[in-house]
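Per TrEMBL, the features are:
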- 11-82: domain 'Histone-binding protein RBBP4-like N-terminal' (DOMAIN)
- 159-201: repeat 'WD' (REPEAT)
- 208-244: repeat 'WD' (REPEAT)
- 296-331: repeat 'WD' (REPEAT)
- 354-388: repeat 'WD' (REPEAT)
Amino acid sequence: MAEEETKLQREFETWKINTPFLYDLVVCHATEFPSLTVQWSPAPPQPYLDDWSFSVHRLLLGTYTDDVAIKNFLLVADAVLPTESVSQDRDCEITTLPMVEIIHRIPMDGEVNIALYMPQNPEIVAVKTIYPQVYLINISNLGEMGNTESFDHLTKSMLGGHDEEGYALSWSTLRPGYLLSAARDNNICIWDVSSVSKPEVLYAKNIYQGHRKVTKDASWHQKNENLFGSVGDDGLLLIWDLRTSIPEGYGKSENEVELNSLSFNPYNDWIVATGAVDKTLPLFDMRKLPLPVHALRSHVGDVFKVEWDPNHASVLASASADRRIMIWDLNRIGKEQPKYDTTSDEPDELLFTHAGHISMVYDMAWNTHKPWVIASVGEDSCIQIWQIAENIYHDNDFA
């Protein structure tokens, strides 16, 4: 154990030494407890009043105490980041340092498994904890109350339909108020919360059953308001249509290995990325189901999360138990890349590997408003915000 810890510390020190060459931005903020979830607010960043060359981006996080005797919280944080002009001007004098500050701690019943802003209204947040119900919280009247723990006045609704806890939520970007959830009871629930204005208990509008084992993730299609997908421990990718009660199509991983995550490409009607426990990222074309058309391979641990870059059609990120977040460029598939290290066996599609975490990575999220910026959280109780160096993606023909 001591030898492994020494190795990890040595790797981390090497990473820190190399950060000036690999990144244009790195922020590390230690927290008391790990967070299983991280999401950027869809609302545009606001000017930072102390320094107009910086802006404030809002983040949503949670606590994972792993102890029923310790109170858990939904966390709202502000990330103060340089504007694009400052980020690109390495010769300008920096008087403000990028930072993360927790500004609100909202008490929750149990550890926070996942929390998501509604894309059309960031004042509405959906939260899943260790209990079956989904909480719907209106945070509009947080105001300037500061970092207090008394939020009894917040509007909270409970969404019913599940019998067990889960880790999957997805808001529709095309149907305002439509919320998708998956859980360990194998069920997929959908609610329409567009008319919820006061605390109430709302039961699922529809419940879908198709997986033989635990449903790990569910997500809306980015271009068709009627479609969504789900993956599970049965190794299946199911494609659903709101207008029917049975799957419209299905894909399956090689050897039916468990699938943990899925993400529909926001620029392409047909491509779906998934993350698997066999350390791969099976890629599916919905026109060519059931087998994947390609698999990305470089992780050495379970892949917990996959997410397409909202600003670049061919770019995908993945987070893993191997402590790494990898950025992939699908345009590089089949195109041999120059190898500066002739001993490296990295695949051509791999654009970048983030090695800043010293334990497994639970979640990560792209920043829509600041290209190439990712927030990540893991078992090491550290929130990291980072942006790969401009020369890395410019060398690969990205604008």
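Glycine is treated like the rest: Cβ placed from N, Cα and C.
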With DSSP helix as H/G/I and strand as E/B, how many residues of the repeat 'WD' (159-201) fall in helix, strand and coil?
0 helix, 18 strand, 25 coil
What does the DSSP secondary structure composition of the repeat 'WD' (208-244) look like, as residue counts for helix, strand and coil?
0 helix, 20 strand, 17 coil
In the repeat 'WD' (296-331), how many residues does DSSP assign to helix, to strand and to coil?
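Once the DSSP states are binned, the repeat 'WD' (296-331) shows 2 helix, 19 strand, 15 coil.
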